[in-house]
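A.B. asks: One structure coming up, written as structure tokens, with questions to follow.
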Amino acid sequence: MAARNLEKMASIDAQLRLLAPGKVSEDDKLIEYDALLLDRFLDILQDLHGEDVREFVQECYEVAADYDGNRNTEKLEELGNMLTSLDPGDSIVVTKSFSNMLSLANLAEEVQIAYRRRIKKLKKGDFADEASATTESDIEETLKRLLQLNKTPEEVFDALKNQTVDLVLTAHPTQSVRRSLLQKFGRIRDCLTQLYAKDITPDDKQELDEALQREIQAAFRTDEIRRTPPTPQDEMRAGMSYFHETIWKGVPKFLRRVDTALKNIGINERVPYNAPLIQFSSWMGGDRDGNPRVTPEVTRDVCLLARMMAANLYFSQIEDLMFEMSMWRCNEELRVRAERQRCAKRDAKHYIEFWKQIPANEPYRAILGDVRDKLYNTRERARQLLSSGVSDVPEDAVFTSVDQFLEPLELCYRSLCDCGDRPIADGSLLDFLRQVSTFGLALVKLDIRQESERHSDVLDAITTHLGIGSYKEWSEDKRQEWLLSELSGKRPLFGPDLPKTEEVADVLDTFKVISELPSDSFGAYIISMATAPSDVLAVELLQRECGITDPLRVVPLFEKLADLESAPAAVARLFSIEWYRNRINGKQEVMIGYSDSGKDAGRLSAAWQLYKTQEELVKVAKEYGVKLTMFHGRGGTVGRGGGPTHLAILSQPPDTIHGQLRVTVQGEVIEQSFGEEHLCFRTLQRFTAATLEHGMHPPVSPKPEWRVLMDEMAIIATEEYRSVVFKEPRFVEYFRLATPELEYGRMNIGSRPSKRKPSGGIESLRAIPWIFAWTQTRFHLPVWLGFGGAFKRVIQKDSKNLNMLKEMYNQWPFFRVTIDLVEMVFAKGDPGIAALYDRLLVSEELQPFGEQLRVNYQETRRLLLQVAGHKDILEGDPYLRQRLQLRDPYITTLNVCQAYTLKQIRDPSFHVKVRPHLSKDYMESSPAAELVKLNPKSEYAPGLEDTVILTMKGIAAGMQNTG
């Protein structure tokens with residue numbers, strides 16, 4: 001029996017192998033990695049749930065692969081009938097299996113990419129496709145490229161040490177994988193990497209194989225579904241875990257690589273440790289826009305938590321540094337200080353190392369011992385404040401400023417250099433100094449974000465209380481006049497007797513929390529929906545009134561298309577106010593939002609408007625002599641401004657970055673950017689290299705005739721997009737039927753509600769669920785809608801325009817990136833799948849609507865390829881094509897399962913014939929039956945809700961971008 005079994009399994013696996021795409025090149029290990037993980041997974045599935053379940057999963061895979069090969073829609077129906085015949089327990093097991101197999105395919109892909117990079121480093125550059133625009137910027141290659149463009153090494157070094165990239169981590173509700181699983185995936189990745197190492201012994205191999213099996217099984221046995229929504233504190237802790245695991249050690253490691261790259265172009269200096277190359281900020285616990293769960297208490301907790309973590313991370317490293325610093329030779333300044341501290345030392349028995357008095361011939365250790373005491377106290381103070389709000393640790397026993405913390409470390413550094421021990425100084429001590437300069441005492445700077453309307457409410461309460469009228473009814477000029485007269489005066493505006501609604505109290509309490517915490521805990525105060533100068537002045541006034549001694553910089557955020565268009569004028573009006581110019585000291589930051597502008601007008605018009613707005617803003621800033629920093633609020637998906645980092649940076653308009661870049665790293669992208677050490681390194685390298693290159697070798701400015709054509713196309717694209725999304729009276733109804741948008745809220749991804757207002761149409765829906773829903777059905781409507789109409793109309797008007805579009809694609813980075821990203825989305829899309837959702841879920845009279853959209857999809861795809869000069873989608877990127885082909889059968893199965901399950905949830909009259917349970921030994925306590933019990937509170941038939949949520953998570957993993 002066992003032998004026959006094995007034979008049968010092998011033959012099915014052989015069949016599966018035939019369905020997999022072929023290798024692309026010598027360096028292509030992807031098929032092997034994928035096969036290994038898949039085999040391990042199927043063996044585990046058979047052990048846990050029996051042979052029939054394994055066979056069923058393989059049959060589903062084959063039917064789906066068959067559909068992906070020839071797009072025969074009958075196969076989708078066959079697959080649908082197979083999946084709906086399962087009982088609730090089996091349905092969850094099968095869905096979970098496909099979701100897991102997809103995650104494993106993603107891991108195989110990551111290991112393959114890392115492997116090819118290593119090979120490329122060893123072979124150095126014989127990859128034709130690696131040189132194309134789709135690869136990232138290696139710091140060393142970037143420096144060499146700049147020298148080829150006739151920059152001197154000194155100019156490059158000067159630009160590099162003066163630039164800043166500030167990465168702002170946000171807890172957008174799109175990280176749909178639980179942390180428990182992310183950690184297991186990390187270990188699977190490690191096992192896989194080691195298994196294919198050259199010098200591996202048979203014993204090692206066997207142990208690694210066992211570890212691999214163990215981790216795959218542990219991941220499969222973990223409940224993928226969050227049963228309760230995360231709180232903002234949970235999101236913050238999840239975000240902070242990346243500092244712990246990769247970013248903390250990753251920054252000094254990356255800066256060493258920059259030093260090496262500089263050495264290779266003839267610069268024998270290191271990047272100064274206080275050069276602010278990389279900075280980190282966060283929105284977790286500070287972003288209250290539309291999230292009532294972020295209260296002033298949350299903001300306070302999050303700041304104290306980050307300070308405690310920072311002190312803890314330094315503390316865990318300081319003893320290692322003390323071990324290294326055993327030298328006796330030092331300069332006079334240090335010797336005097338060390339002697340003074342050695343004599344004043346109390347015993348330190350609660351430390352593990354160096355607990356007795358430090359001997360006189362170890363002066364560095366005496367200095368660092370004092371630093372250790374202060375770090376211990378700093379951590380304790382933050383911990384006590386966090387748990388009870390009070391602390392018995394006096395303030396003079398802790399570090400209160402970064403300069404105070406750097407001073408003894410700088411003293412050690414100077415002393416070593418004075419005594420000829422520079423190589424020692426440039427070891428761990430330099431790394432430590434760089435960490436202190438990058439992370440400070442606060443670990444990350446917290447941005448506060450609030451809607452402009454909420455500030456107006458507070459001021460309205462104040463003016464009404466003062467009896468001078470209603471602030472909200474005043475004109476913009478009157479508001480400005482009053483705000484400026486108050487800002488120039490000294491009198492307090494209101495006392496404790498101000499009558500406050502809950503909302504007003506919340507805004508004022510937030511300012512109060514800011515005034516009570518150390519100012520280095522905070523970054524910017526961002527005002528969403530900002531339209532006028534009074535929005536900014538209002539925040540300046542409230543900061544002063546609430547006693548914030550070191551006010552946060554105020555950053556207006558422009559999101560909707562109309563706001564972007566009027567942003568330059570609004571900023572010019574702001575700069576024309578003398579009081580404000582004196583306040584900002586020649587520096588201003590402006591944030592531009594990608595998600596809402598895309599939802600508002602479609603991708604083409606939004607991208608072009610963002611481009612033009614940045615150019616205009618830079619002009620305005622130059623006119624007033626202000627240095628402008630653009631803060632890019634990009635999402636993870638293409639519909640929300642996502643896409644490969646280096647390309648996005650290099651396609652920004654010339655002069656808009658100037659060595660200062662601030663950009664959000666959102667939810668699901670945090671894991672892709674910082675989940676592993678090598679990913680963290682790559683992310684820091686990409687941002688730094690691309691920012692440097694953009695500043696020193698800016699992309700070309702578009703020719704005047706390109707601009708005219710873009711303007712024309714943007715108008716047509718907006719018109720087409722809005723005619724469907726906003727003007728079509730039954731569009732919202734169609735959207736809610738054709739996608740899982742209504743079910744999205746059950747995923748418990750984020751702490752933020754998915755709608756701004758409970759009822760209402762597309763306007764009130766957040767940009768994230770809007771895109772999430774279209775990504776699920778693989779129709780990606782918000783990304784491509786508008787492109788087709790625009791291309792078609794300008795080509796019909798004048799056939800020469802086609803050649804101009806081709807010229808734009810070949811010569812203008814911005815246009816190329818915009819088109820390439822849409823092409824990538826077409827590679828992941830499948831109108832056949834969208835048609836299946838329509839057929840099952842959309843009422844008959846709305847069916848033609850979907851058909852029309854699918855015709856538009858195909859037409860847009862055809863025109864896009866024509867403009868790009870490609871015969872087929874992704875013909876220039878065989879690797880990406882192969883990777884997408886590998887994933888397709890898994891995603892197709894999950895899509896079919898989702899569509900049919902939604903049908904069962906929404907249509908009580910939809911009857912299915914359930915087949916007997918797959919595992920022979922079925923009883924109430926079997927593994928499959930227990931899965932159904934994980935969700936006892938569901939309002940649907942057993943198992944349906946979990947099945948839908950699992951398909952959502954699986955498809956999100958397959959698309960590699962959720963919202």
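A Cβ is built for glycine as well, from the same backbone N, Cα and C atoms used for every other residue.
Marked as active site by Swiss-Prot: His172, Lys599. What Swiss-Prot records for Ser11, Ser701 is phosphoserine.
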A.B. asks: Taking the Cβ of Lys599 (active site) as the centre, how many other Cβ atoms fall within a 10 Å radius?
C.D. replies: 26
A.B. asks: Based on DSSP, name the secondary structure state of Lys599 (active site): helix, strand or coil.
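C.D. replies: Reduced to three states, the DSSP call for Lys599 (active site) is helix.
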A.B. asks: What does the structure give for the C-alpha distance between Lys599 (active site) and Ser701 (phosphoserine)? Integer Å is fine.
C.D. replies: 27
A.B. asks: By a simple count, how many Cβ atoms lie within 10 Å of the Cβ of Ser701 (phosphoserine), its own Cβ left out?
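C.D. replies: Here the count is 14.
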A.B. asks: According to DSSP, does Ser701 (phosphoserine) fall in a helix, a strand, or coil?
C.D. replies: coil
